[in-house]
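Now, the feature entries from TrEMBL:
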type	residues	note
TRANSMEM	45-63	transmembrane segment
DOMAIN	50-458	domain 'Major facilitator superfamily (MFS) profile'
TRANSMEM	91-110	transmembrane segment
TRANSMEM	117-139	transmembrane segment
TRANSMEM	145-165	transmembrane segment
TRANSMEM	186-210	transmembrane segment
TRANSMEM	222-240	transmembrane segment
TRANSMEM	268-285	transmembrane segment
TRANSMEM	312-331	transmembrane segment
TRANSMEM	338-356	transmembrane segment
TRANSMEM	362-382	transmembrane segment
TRANSMEM	403-424	transmembrane segment
TRANSMEM	436-454	transmembrane segment
Amino acid sequence: MPHTKEKIQDSVEPADEHVVVAGSSVDATSVVAPRRARTHGKATISAYMAIAASAFGLISDGYHNNLMTMTNIVFKKLYPSDYTSNISTRVTNALLVGEIIGQITVGILCDRIGRKAGLVMTTLLITIGAILCTVAHGAHGSAQGLFWFMTIARGITGVGAGGEYPASSTSAREGADEVAVHQRGAVFIMVTDFPISAGGPLAVTIFLIVLSAAGEDHLNTVWRVCFGIGIVFPLAVFYFRMRMVTSKLYREGAIRHHVPYKLAIKRYWKTLIGTAGTYFLYAFIDYPNGIFSASIISSVIKDGDIKKTAEWQLLLGAIALPGVIVGALLCNPLGRRYTMMLGFGGYVIFVGLIIGCGYDRIINIVPLLIVLYGLMVFMSNMGPGNITLLASAESYPTPIRGTFFGISAAMGKVGAAVGIQVFIPIQDNIGKRWTFIVAAIFGAVGILITYVFIPEMTGVDLALQDEKFLKYLVENGWEGQIGDAETKSHHIDPEETEKGCGKDVATVL
């Protein structure tokens, strides 16, 4: 007997329902996820709170990611023989390894337990890691002991900071969809990539303030105070994260048990190649250049003066930061895909053709090097820096958004770790100019992968995307429960549907 396509006339309140799919006997065209309902009152306030809490939380991630930029210079001054390039790479990569673990585990946690649980967990881990970094010591004053302590502490910080990506980004993405659907891309960028990018100039600014107050004779105090200030940022949003309410999209579209990962990969494998691949390429270029930029600047400044190095580093960050804003303005009119391709093109032009080819002359003109370096990072922030986050957050449906975002972001950190690992060997073996030329080559590959694999999501309704995903699951025989466990259950009766009783499942929305 054919399934009826008639619609339910009864009114169903979507915020209080979730759907139980009873198997492949249900007509795939009649089972869809909850449709978008207008958000108002407390739900709107909660959405704004989620967006704000995500933004302030990601500032701490950006801050801790960039703390080692100047700390590497300080450690080299304090421990010239002990702080070798291998140790510098190990301490730096500890954060990245932790971030990979955090992104995957918290990404899954966000989907299976909830966005709020992920946000609270990341806040606690960043706080603990920052405290340990601040008090780090080696046994009997051992420098090697200090560096191992820092490696472990930075790893713990990394798990929390990495978890911020899927936790904050999915929360901000869904919150923006509730309160600014037509400008959700720009809003999302300004509350995710902007605070992450602002973390760099913020870290350098605080370093300069502390350095001016303590003096260069107290560098040990300087770096500890900088790490100690990093404790404040996650604590500042802890209360708000405890009070926030889960987004409407998650409440109505979550799959907390029997998650169909195999079917999800089958449907989104091409998109995953795009989001994970571009994230890898972007981070491979951006992270080592960001972290070791101070070392490069220090090497071309007379006597490697720490304060002057920090001042040039701050200017570099100031030039780069507006790139985020330009990308936010372009992501709608130009589209996600072409904005990303334009940013990757900046690597080819500013990094490969200008800095790489003219390195021997440019390196002797410090202001020109900083400006060109800044333009490179400007294009980076405008394109892949913005869109890798945005594409990873909106290319997947709600039930798997955190998990697939976490996988994509984790591949970014893998790229960052690999880039940091090979950055110094490239410099030492084939010359500093080749770090820029290699970056340009990776930028060209990024353009290709973006064009082939990144879907254009400008203007796409996320609730409609959830509907299509659920229909796809039913078509492939998946059985499970849709919706947050805190909502009331609604069961679909295939027998009732087949009798044509006027209750089409398509309106259980």
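Including glycine, each Cβ sits where the backbone N, Cα and C put it.
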Task = Run the contact check on the transmembrane segment (91-110) against the transmembrane segment (145-165): 3 or more C-beta pairs under 8 Å, excluding pairs closer than 6 in sequence.
result = yes
Message = Check the transmembrane segment (145-165) against the transmembrane segment (186-210) for contact, please; criterion is three or more CB pairs under 8 Å, pairs 6 or more apart in sequence.
response = no
Note = Within the same chain, the residues 6 or more beyond the ends of the transmembrane segment (338-356) and with Cβ under 8 Å of it are 278, 281-282, 285, 323, 327, 330-331, 362, 369, 372-373, 375-376, 378-388, 391, 433-434, 436-437, 439-444, 446-447, 450-451, 454
